[in-house]
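Asks: Positions annotated as domain 'Ig-like' by TrEMBL: 8-121, 126-215. According to TrEMBL, the feature transmembrane segment maps to 223-246. As annotated by TrEMBL, compositional bias 'Basic and acidic residues' applies to 258-267. The region 'Disordered' annotation in TrEMBL covers 258-328. Here TrEMBL flags 271-307 as compositional bias 'Polar residues'.
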Amino acid sequence: TRSLSITPVEPSMIEKAQGEKVTLPCTFVLSEEDEGPLDIEWVLIPTDSQRMEEIIIMYAVDRIYNNYYAAKTGRMQFTNPDPRSGDGSLEILNLKSADTGTYQCKVKKAPGVQSQKLQLTVLVKPARTKCSIEGSQEIGRDVTLKCGSQEGSPLLSYDWRRVSGTQDLPATSMLNKNTGELLLKNASQAYSGTYSCVASNRVGTDECYVELNVTPPINTAGIIAGAIIGTLLGLSVLAFLVFCCCKKHREKKYEKEVHHEIREDVPPPKSRSSTARSYIGSNRSSLGSMSPSNMEGFTKTPYSQVPSEDYERTPGQNPTFAPPKVAAPNLSRMGAVPVMIPAQSKDGSIV
């Protein structure tokens, strides 16, 4: 007897890139004995055995059910809107890495029941590939060109080529396609140029570029000597500035001290009254040395005519004035030596 059958698919493993779409085939043939209602069901069997199977889409009682999971709604649908024609294939749009897994198609029409499994692998294309240079770009040194993709499903493979000039890599180069490292031993100026790295896997490629510029060795001794000389010059300038500042500070301090000492040594100015007193005192002292017989020829000088400090004398001028007539000075107050003069009383005796 003949019963329901599903057309086998070869190969049973399908690989697609992320973002693309895929069709998982599931065509079937019914027999005359299959009289029950048609039931088509797609189930995702996760790679983790701890997770439950997920019903993605189902056709039952002439109706399609595809709203079981919000993440898959609108992305998974039957290829044929009417699966009763014998085509229950599943179409998945905008593939994501989470869509990777085993898909099973079950077709039921009593008494016939058949199923088929397909393995889907969603691969990520290489992306965000970056190139870099490791090591000193000097003649005679070993230089390593590195390449790596931040996104991409394994297995990733890397290939380097030279863009400028000849596309052949230098004879001393060593390439590791798994790590993306290109070692250039004993580099010379002929190695300079633009290099390209192509990262690839089974679903796509990505490329990056790097510029290599091999130069003569740097004169390290000259740089060190220049740095030392520059440092010494800088220290010399700094020391000179400090010396100038200290010298200027000492000069200002000395000027302040000298100015302060001069102000302390200058006596305060005399007033008119003190000048007059000193002038009269000097006259009195000079008069005290005179005898009473010599004092008659002097006249008194008015006090108003006493010279003050403002009176200026011309060189060689000797002012003359008449000494005042004064009483006999008190010799004891003036410090003169007293002279004893004998006197004669009325009776003729000497007192």
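Backbone N, Cα and C atoms are what each Cβ position is placed from, and that goes for glycine too.
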Asks: Let me know the model's mean pLDDT on the domain 'Ig-like' (8-121).
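Replies: 89, rounded to a whole number.
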Asks: What does DSSP give as the helix, strand and coil breakdown of the domain 'Ig-like' (8-121)?
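Replies: Computed counts for the domain 'Ig-like' (8-121) are 6 helix, 54 strand, 54 coil.
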Asks: Sort out the residues at least 6 away from either end of the transmembrane segment (223-246), same chain, that have Cβ-Cβ distances under 8 Å to it, and list them.
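Replies: Distant Cβ neighbours of the transmembrane segment (223-246): there are none.
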